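J.: What Swiss-Prot records for this protein is below:
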ACT_SITE  Ser223  active site, acyl-ester intermediate
ACT_SITE  Ser223  active site, charge relay system
ACT_SITE  Asp291  active site, charge relay system
ACT_SITE  His328  active site, charge relay system
COMPBIAS  397-408  compositional bias 'Acidic residues'
REGION    386-408  region 'Disordered'
Amino acid sequence: MFSCDMASRWRELHGSGHWDGLLDPLDVDLRRCLITYGEMIMATYEAFIGEHRSPNAGMCRYRHADLFRRVDVSHPGWYAATRYIYATANADVHGKVLLRPLCREGRATECNWMGYVAVATDEGAAALGRRDIVVAWRGTQRALEWVADLKLAPASAAGILGPEGADGTDPSVHRGYLSLYTSEDQCSELNKQSARMQVLTEIARLMDKYKDEETSITVIGHSLGATLATLNAADIAANSYNTSSLSPSGETRAPVTAVVFGSPRTGDRGFRDAFHRLRDLRMLRVRNRPDRIPHYPPVGYADVGVELLIDTRLSPFLRRHGSESQSHDLECHLHGVAGWHGDHRGFELVVDRDVALVNKFDDCLADEYPVPVRWKVHHNKSMVKGPDGRWVLQDHEPDDDDDDDDDD
């Protein structure tokens, strides 16, 4: 999937020119770049333990050191996960978007694993043309019900917008998304720090570590994760976390780019305007035309960033009359990015991406293709037969950082 040109063009592909001339027709290197980041988001879905009966429900299956070797990404050696992100929220939000294990002894009863921070390895930095720091936010593959349920009043975004939030306009964002981003729980072993501070602390550490290298910060997400990525990217740029504290006068500022798929609206016009004024910040928002979630909330909120509009209904590989979940499915978005040529140019896969992937977690592929629906199932649902002949659930690899949300 990689092109040598992607390394030399990375600033252009990350929005230095606001993607002018790259979207119609869709640049082939940009297609590959978007799919690479989409796979890194997909890793959060593959690794999440969603079985309510598991005491590990809401956690990540894998140790962060092994994450990219255990999930389906094209270049597992290019990035290393350095920190996992855990989020909690207030009571109005918690039960609507966070998973609670049925087991009272579960570790994630009040919070969930929401993604990770990763950094390009030496191998990856050589291939990518710089040291890329990635923040990946997990979302939800569910269709409309979750976003329609979150009917909460807006809240001030001044706290995450720094000086841009103190200009008297009082920009606002969705209270539910802000709660997930900023809530902490001193009684939780995983969430004594908010998701926000977990990420910002790790980015500051990595920016100091790689202060002598060319760096970039890429914040990615799908669905609910896209809204968190939007808040996080604005926060990083507004509060200068894209500089090293060890650099004199913060003279070196890493570009911050948000890449999001199927994103609901995050804030009002004031937030949009403040976002667009941040000089180091860019955002590319991939929207699938039949997906209704990007139109929510329908009143009082504004779209942010540059939009790449695709329409997966033109794909001959997918069901002609797909469900709402199909139009919102992340793998379907990546399929669209691989083959979209515009409304009047047909659909042809420019990037050779396996069409079987669209059935990984959904029923999207046309019946003529012999691919089972929702085929991504862990062997025996992670039940393992022990030497005594009894079956036990083994769905979680203990990680040294599980209870270490204050380090570094």
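Cβ atoms here come from the backbone N, Cα and C positions, even for glycine.
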J.: What whole-number Å value do you get for the CA-CA distance of His328 (active site, charge relay system) and Asp291 (active site, charge relay system)?
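T.: One finds 5 Å between the Cα atoms of these residues.
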J.: Just how many other Cβ atoms lie inside 10 Å of the Cβ on Ser223 (active site, acyl-ester intermediate)?
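T.: Excluding its own Cβ, Ser223 (active site, acyl-ester intermediate) sees 31 Cβ atoms within 10 Å.
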J.: Give the distance between the Cα atoms of Asp291 (active site, charge relay system) and Ser223 (active site, acyl-ester intermediate), rounded to the nearest whole Å.
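T.: About 11 Å separates the two Cα atoms.
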J.: Based on DSSP, name the secondary structure state of Asp291 (active site, charge relay system): helix, strand or coil.
T.: coil
